[in-house]
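**Q** Have a look at this one before I ask anything.
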Amino acid sequence: MGRKRGSGHRGAGAGGGKDKRRQGQLDKMERFTSDMNSALDGSVEDEAGACGGDDVKFPCPLAMWDLGQCDPKKCTGRKLCRMGYVRPLRLSQRFGGIILSPVGTRCVSPEDREIVAEHGIAVVDCSWNKLEETPFHKMKGSHLRLLPYLLAANPINYGRPCKLSCVEAFAAIFYIVGYEGVGEHLLSKFRWGGGFHDINAVPLQLYAQCKTGSEVVEAQQKWIEQCKTPFSAESAYFREIVAEHGIAVVDCSWNKLEETPFHKMKGSHLRLLPYLLAANPINYGRPCKLSCVEAFAAIFYIV
């Protein structure tokens, strides 16, 4: 009898302690997000980075299964590991937070906010060309998720749908679940990082306004359909911008995107071109690798 009463007492205390820890973790995330948002607001003109140095203590666990398929010099996940933001996971090691995986059956959504705050996020660092060889079944956890439709801003897959780097994947989840400042903090560690939000501002806002994964999927489908309609009301809006303010392009080598300081080319209307084939002699027939004149002409055709 005594042992049973004692056992019950410990159980109740453990439950209360768990609730306190959960609330403490949520409060820590809120404070960190508030601090990051304040830092961003106060350093809009600071080109060195909007969120301070690398000594910031991150508020929730970030992890990564690294399969060694990517160039270590270009891997954003490995850079975050070196900076102390992300810890590597062994292949069969279990992770308790959100896991981004192609074998997930649900889309990440704002209802995952508490899971992210308490248990964090894990991604799989593998080559997009070797997905069939990747042992996703060995990366175990209870919260496997998919990301909705977003465009990559990283130099390797710039403008390509869904082919995000590790840091973009982390940031996308933070945006969607309501921790925008946390995502901005991670992206600020990369020269091109600010472009991710610029080119995905509309869909990220749409996804963040949803409640469940199914609502995110519906918002995704509506956004994709809108993107397929070249002469929509939004195109009419861009037509006015072009007529009144014009067009600017960046003349750089496609092989040197990583060295290009895109963050220094500032304006309010950063845009991507849709899928088009190049006709110039250097990149004839290659998708998206347009010359400057082709880029100008494409915009004029579209609007």
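Even glycines carry a Cβ here, placed using N, Cα and C.
Automatic prediction, not curation, is the source of TrEMBL annotations.
The region 'Disordered' annotation in TrEMBL covers 1-31. Annotation source TrEMBL lists compositional bias 'Basic and acidic residues' at 22-31. As annotated by TrEMBL, domain 'RNase L inhibitor RLI-like possible metal-binding' applies to 61-94. According to TrEMBL, the feature S-adenosyl-L-methionine binding site maps to Thr76, Val124, Leu147. Per TrEMBL, the feature domain '16S/18S rRNA aminocarboxypropyltransferase Tsr3 C-terminal' maps to 98-224, 239-303.
Could you give the neighbours, burial and distances for every feature on this list?
**A** Looking at the domain 'RNase L inhibitor RLI-like possible metal-binding' (61-94) alone, the prediction's average pLDDT is 86.
On its own chain, Thr76 (S-adenosyl-L-methionine binding site) has Asn154, Ser165, Cys166, Val167, Glu168, Phe190 as residues at least 6 apart in sequence with a Cβ closer than 8 Å to its own Cβ.
With helix defined as DSSP H, G or I and strand as E or B, the domain '16S/18S rRNA aminocarboxypropyltransferase Tsr3 C-terminal' (98-224) counts 66 helix, 18 strand, 43 coil.
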**Q** Looking only at the domain '16S/18S rRNA aminocarboxypropyltransferase Tsr3 C-terminal' (239-303), how are its residues distributed among DSSP helix, strand and coil?
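**A** Once the DSSP states are binned, the domain '16S/18S rRNA aminocarboxypropyltransferase Tsr3 C-terminal' (239-303) shows 27 helix, 2 strand, 36 coil.
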**Q** Among all the protein chains here, how many other CB atoms are within 10 A of the CB of Leu147 (S-adenosyl-L-methionine binding site)?
**A** 20
**Q** If you skip the near sequence neighbours and keep only those at least six away, which residues in the chain come within under 8 angstroms of Val124 (S-adenosyl-L-methionine binding site), Cβ to Cβ?
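**A** Once residues fewer than 6 apart are set aside, Val124 (S-adenosyl-L-methionine binding site) is near Met64, Trp65, Leu67, Leu100, Ser101, Thr134, Phe136, Met139.
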**Q** Looking only at Thr76, Val124, Leu147, which the record lists for S-adenosyl-L-methionine, tell me the maximum pairwise CA distance in angstrom.
**A** 18
**Q** How about long-range neighbours of the domain 'RNase L inhibitor RLI-like possible metal-binding' (61-94): same chain, 6 or more residues beyond its ends, C-beta under 8 Å?
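**A** Same-chain contacts beyond the flanks: 54, 119-127, 130, 134-135, 138-141, 154-156, 165-168, 170, 186, 189-190, 258.
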